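Colleague: Following this message is one structure expressed as structure tokens.
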Amino acid sequence: MAKQYDVLFRLLLIGDSGVGKTCLLCRFTDNEFHSSHISTIGVDFKMKTIEVDGIKVRIQIWDTAGQERYQTITKQYYRRAQGIFLVYDISSERSYQHIMKWVSDVDEYAPEGVQKILIGNKADEEQKRQVGREQGQQLAKEYGMDFYETSACTNLNIKESFTRLTELVLQAHRKELDGLRTCASNELALAELEEDEGKTEGPANSSKTCWC
């Protein structure tokens, strides 16, 4: 039976509550948009498989709660992330200003070399804009990140931003991937990366199993 994917990566969505992280996740994984969502409690995740540079990548995308009371829980998930989206709402100057705090959390809790992309979400709400595109571009430049303005409502730059972060993670792990490619006798092949510790972590949804 052919493998369904070659490698599994964990991506993380972080940012203030209400910036649209869950909407981004649902649009990318299910191509669905709901104008109202109950705030995420702790963490949740969804999966999607895409192909990048001939490699089938299984993406496990974790959606973290932005409320302060959940920070102790959500920070535990930083350490196993290969890629992180830092999300703000273009109609909320406050959420933009808080990106500096989120970057500080990433620097403290995420592994060295984790790949990052800055997202200015809700680009469809132009009439409510409080943060200019140039501000987002400048902040991303300061932190050495790629930048996208997105809209889960209109599907603007959703596939592009998720694909780009996956590409960055693949590039960062190129040596491991190339090494695993040469191990033709290894049944796990590229998927070995997901089982480096051989144990599960407890997600918010107990019916799902995480092997990364």
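Keep in mind that glycine also has a Cβ here, set from the backbone N, Cα and C atoms.
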Colleague: From the ranges 63-80, 135-152, 171-188, pick the one that Swiss-Prot records as motif 'Switch 2'.
Modeller: 63-80
Colleague: Quick one: which of 31-45, 196-210 does Swiss-Prot have down as motif 'Switch 1'?
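Modeller: My reading of Swiss-Prot: the motif 'Switch 1' range is 31-45.
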Colleague: Looking only at Cβ atoms, how many others are within 10 Å of the one on T22 (Mg(2+) binding site)?
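Modeller: So the Cβ neighbour count for T22 (Mg(2+) binding site) comes to 21.
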Colleague: Using other CB atoms within 10 angstroms as the count, which residue among the binding-site residues V19, C23 scores least?
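Modeller: Output over binding-site residues V19, C23: least Cβ neighbours within 10 Å is C23.
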Colleague: According to DSSP, which of helix, strand or coil covers T22 (Mg(2+) binding site)?
Modeller: helix
Colleague: If you draw a 10 Å sphere on the Cβ of D63 (Mg(2+) binding site), how many other Cβ atoms land inside?
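Modeller: Its Cβ has 25 other Cβ atoms within 10 Å.
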Colleague: At 10 angstroms around each C-beta, which of the binding-site residues K21, K122 has the fewest other C-beta atoms nearby?
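Modeller: Output over binding-site residues K21, K122: least Cβ neighbours within 10 Å is K122.
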Colleague: What whole-number Å value do you get for the CA-CA distance of T22 (Mg(2+) binding site) and K122 (GTP binding site)?
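Modeller: T22 (Mg(2+) binding site) and K122 (GTP binding site) have their Cα atoms 12 Å apart.
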